[in-house]
Amino acid sequence: MLRSKGPLLLSFLIVLVYLWGSVQGVSRIRLSNVTEGVIATANPYQRNTNCSWFLETNNTRRSYIRLKFNYFLTECLWDYLHIFNGDSIYSPKLGAYSGEVLRSDAGIDDGSGSIYGSGDVTYVSPNEVILLFDSPHVLLYFFSDAQLETDGFNVSYWVSTCISNCSNNGLCDESRGVCQCDPDWTGEYCQSPACPNNCNHHGNCLNKECVCDEDYTGADCSILNDRPHWTVMNISNTDTVLLSRAGHTSVLWEGSMWVFGGYQFDGTFPEPLADGSGGDREEGKYADLLQYDINDNDWTVIEPIGAKPRPRYGHSAVVYKDFMYIYGGALIPSEEITNELWRYDFQNMNWTQIDQCSQTSDNETDSLMEYCPIRVKDHTANVVGDKMLIVLGYSDQLWSDGGSIEIPNFVQEFDLVNESWPYPPPQHGIIPSERMAHSSVYVPETGLLYVYGGEHLRNTLSSIIAYDPVTHYWSGDISSGPLKQSFHSTLLMNGALVSFGGYTTSNDCFSSDLVLYDILQNEWRTLSLPGLPSNASRYSYSAVSPDNTTLLLYGGFKGSTFHDVLMFRVGRDCSEYDSVSSCSGSLCRWFNNSTCTDINLEKNIDTGSYCHLHISCLSCNTSSSTDCHWINNKCQYVDPTSNTTAVTSATAATSNDPSCSESRPDSCSHYLSCVSCVAHEACGWTQTGCTFRSNDTITSCSVITGCSGLSSCSSCIGHRNCLWCSSLNKCINTGVYPYLFPFGQCLGWTQSCSSVTEDCSDHLTCAECRTETGCGWCRDESDTGLGTCGKGGFLRSLNGSFCVDTHWFYDTCPLCNCNGHSECVNLSVCVDCQNNTRGANCESCEDGYFGRPVNGRSCSVCDCNGYNTVCDNSRGNCTCLDAGVTGSTCTLCKAVENYRGNASNFCYYSLSVGFIYTFLSPDVETQNFFVARPRSSSRLNVKFEISRNRFDSSISVQYFLGRSSQNYAILYNVTDVLTISGTNSHSERYESFSSVTFNSSNLFSFARPDIQSTAQFGWLFGNSSSNDFTSNLWDGDVGLVIYVFNLKPDLQYKITVDQNDLTFLIYFFVTFLTCFTFLLSLFLLGWYIKRKLEIRALIRAQHIEMQRRVRRPFARIKAIVDTPLKSRAKQTASYVAVETVNDSKAAILSVLIRLPCDKATGHPKPNRTGMCFGSTFVRMNPPKKKRTKHSSSNHNTNT
């Protein structure tokens, strides 16, 4: 290799690039006549970095550049290193690298390994890429956003005629650029050993390649054919077909793989411009239809008859009978998402576009209406019976305009027989949240469609969910895989779901893992198989399975697009494996800890073996098996022939389970858009989000403008969660940005429009022009700093007629930059700025003028409406010297501060009579107007009190009369002049006004400025005899205008306007007495109401107490009341009732007491009772022990 620059040049370049990458956010570096060197960022690199490296070689013929990644680690899908075959971002693009290629602590790879790539991009090893470019110019452009910073990259490069200088294993024929390898080496650039390891004695060496025996395969014949393994298909005719692509689709028909569409990095044709115009790329190069014959290992370009679909990627494709249907996707190069549906006839080799809308019937009203499918990309499509299901994906169409139909969630059906779009039925169950870049497989044995992985708002998923196409029921998460995956493919092979690679959440972005999901056992496995190339990790590839034993992967993306075909073979029959490890390493299942069997559902499935897959009552009862029953919150199998009781119990349990009759989800909050929310019949949309449907929710969505509907940077940035991509002129939602452009189509995003314009020509200076990628400066002939910003690169403008090469600047700016207002001396110094400009580059306006006099623009005179003579020299905003005047040109009054009037005359502060107002003058010398409206013709008193806060305090006051109907224009002025000094008080009476002009001689100042003091002075306006305020002038429309001027900064003053009016006093006392009487009445009324409420409460309490007394227990007793006679024997008295307490040691004893009677009659006196009850608290003595039979035991109480 050529190393003429030596280690000194390498070190210099490394230091140079580190300085640019770490000091400046935007940098453009030009490296001329290079043969080798290093390109690097700081470690870690800075956020918001925008760097370009332009490599110019001295080669005039076709050359190669070898890039060696010493380390490469950036934020995946956000921070890209773009490589262009030319001098600008408008040149043909070769790749966009992101994520992890090699960590800085991982060491350097030796460069050995298999070689495969996309024609102009060749991968040598996991950390080495070789790029072919047609011109002696290469541009590397790196963009990092404002979020995450990682190690960055350090890349070595060499330029030579032959690739990698033939790896030092051969001679370079520089005339043809072809390597002549040594005998022990082979390959395009002698990078591979000839017949490595002597073919491991399992084959013969022929033309430096191993021809393996029948039982072996691989580059060195080291892999057994009957074991699971990978094979890189060697295709002979790749030089005639542009095969490299990603985001395409592949289907199987009659033993061939048919490929349509996809995204390509094509170094042969120029890239289209950011606005979609320009470039020489042929449309067919994207939209071609390719056929890969699996048996013959051969590619064919299919030239269809008639019209064909526009180029696209992220679409879907299915085969139904002898037709292929493609739907949706993002169009190239506009990135517009479409809902086009095309049908390809394999027999007649022609395309037909199917109508996008269909007349269909509403499921609820049976009324005919037009239904148009949602435009979508990164979705999946599956054929179920005679229907094509469009499953989830990303759509920029949030709702239909007009609201005439309700669009359901992103699961749509297309009738393949009638070729029409029926109105989608309501969805049930737990409808998944928005999901894109997933994979889906329909399993006929279970009758379910399985959806795995995908992206949801910057969250890569690993879960599997299921959809029942018959009942339109969604399950929750069935299982979670060992790897988060998106932009991958999943196929049904040998009864298991097999998924390879895709995008992951780790920094390396790309995965090469092969994972297997056993549906019946609900188990995951990761398979590590031999033969997989070192650079097999990728995403956005396509995959097909010709049979249960073979998997074909084609294309994909990893910095650049691939063209290779990788084949995975299952190998021997499962029954031939005799151990757990060997069985688990293939698509087999270890059964009963003894034998290895197929996972094939068709062989092993029975009527109940998959009941456990249904996780809801509704899907369980509507499954294809009638023996699945929802028992104990699980779907279980019940054999009807062996246990009829269990069947009866299961049926009863199902009928009593409310979840079996309702499709109500556990929660509606996880539906983030109105569309996905109202798609579920149990959910409704509110301003705060999705919730269960009620009278306060809506079930139809109005027109919503999302990020994708915003067409300018300003409207985009002003919208929540939106980013602006200036290279594509598109607004994108932050949650889906990296997945909308998975191939680095967007060169960078921003959330600030300060350096972003719709066109380069909107930038006015060279410095501003260089902040936007792809813009350069063209100076004019005057060489005074005038010029125009336009599209271009390091060497020239994009449009050659726009600017001659000698006047074009991209990585630097012209030395003379006087903005057209001066000429330069000593090449760069501006002298004698003209046109009212000033500054080192005549970039500012002089005082009294404003504007931005860059690039020949002029300065304008300040317009402050007479309230000032100077303004802000950039925007023209005035500082209004009159208090109460505001506006950029002093044309408004400060209404919020109680200023009225018209700024064309003056703005005044309205003073109410009888109040004290305190004002503080602002930081600049100003003036103020006040207006006092007299209540009557009585005399008017005006009092001023001034507090000195600084040595040079002063104030000037002038009075005049004005009418409110005339905005208080001057009617009469005061002619006298009054001067007050020191702290003395002074008053003056004015009996009349006369028409004179203003004068500023009535200035009041303090006699001793070194002493803090306060001056008080006042005026009395009115006739001395009648106390009238100029009765001949006052008519209710006249007001006294007080003009205060020459106000020094920080001066505090108080104004009081008073009017001794007898009518006002009468009015005051009448108002006071009225208010007092009203308040007293309110008080008395309140007291009366309070008293009434208290009496009512008392009566109610007594009533309740009487009711409680009535409810007490009672009984009847008989009492003998005899007249006491001496001859009659005295009876023993006994108690009426005894109530013992809790411990039985005491009681309340009640007795009947006879009251004294009339001695004469022996009866109670009239109106008096003769009997009453008496109660007392007594102690209960324990019963005494009986001693004789005559002992009494009933006298056991003592009072």
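Glycine too: its Cβ is placed from the backbone N, Cα and C atoms.
Curation does not apply to TrEMBL; its annotations are automatic.
Note that the structure is predicted; figures quoted are calculated from it, not measured.
As given in TrEMBL:
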- 1182-1192: compositional bias 'Basic residues' (COMPBIAS)
- C162-C172: disulfide bond (DISULFID)
- C181-C190: disulfide bond (DISULFID)
- 27-160: domain 'CUB' (DOMAIN)
- 158-191: domain 'EGF-like' (DOMAIN)
- 1171-1199: region 'Disordered' (REGION)
- 1-25: signal peptide (SIGNAL)
- 1064-1089: transmembrane segment (TRANSMEM)
Neighbour tally for C162 (disulfide bond), based on other Cβ positions within 10 Å of its Cβ: 23
Spatial neighbours, same chain, of C190 (disulfide bond) - Cβ under 8 Å, 6+ residues apart: C166, S167, N169, G170, C179, C181, D182
Spatial neighbours, same chain, of C172 (disulfide bond) - Cβ under 8 Å, 6+ residues apart: S160, T161, C162, N165, C166, V178, C179, Q180
C181 (disulfide bond), number of other Cβ atoms within 10 Å: 20
Secondary structure tally of the domain 'EGF-like' (158-191) (DSSP, helix then strand then coil): 6 helix, 13 strand, 15 coil
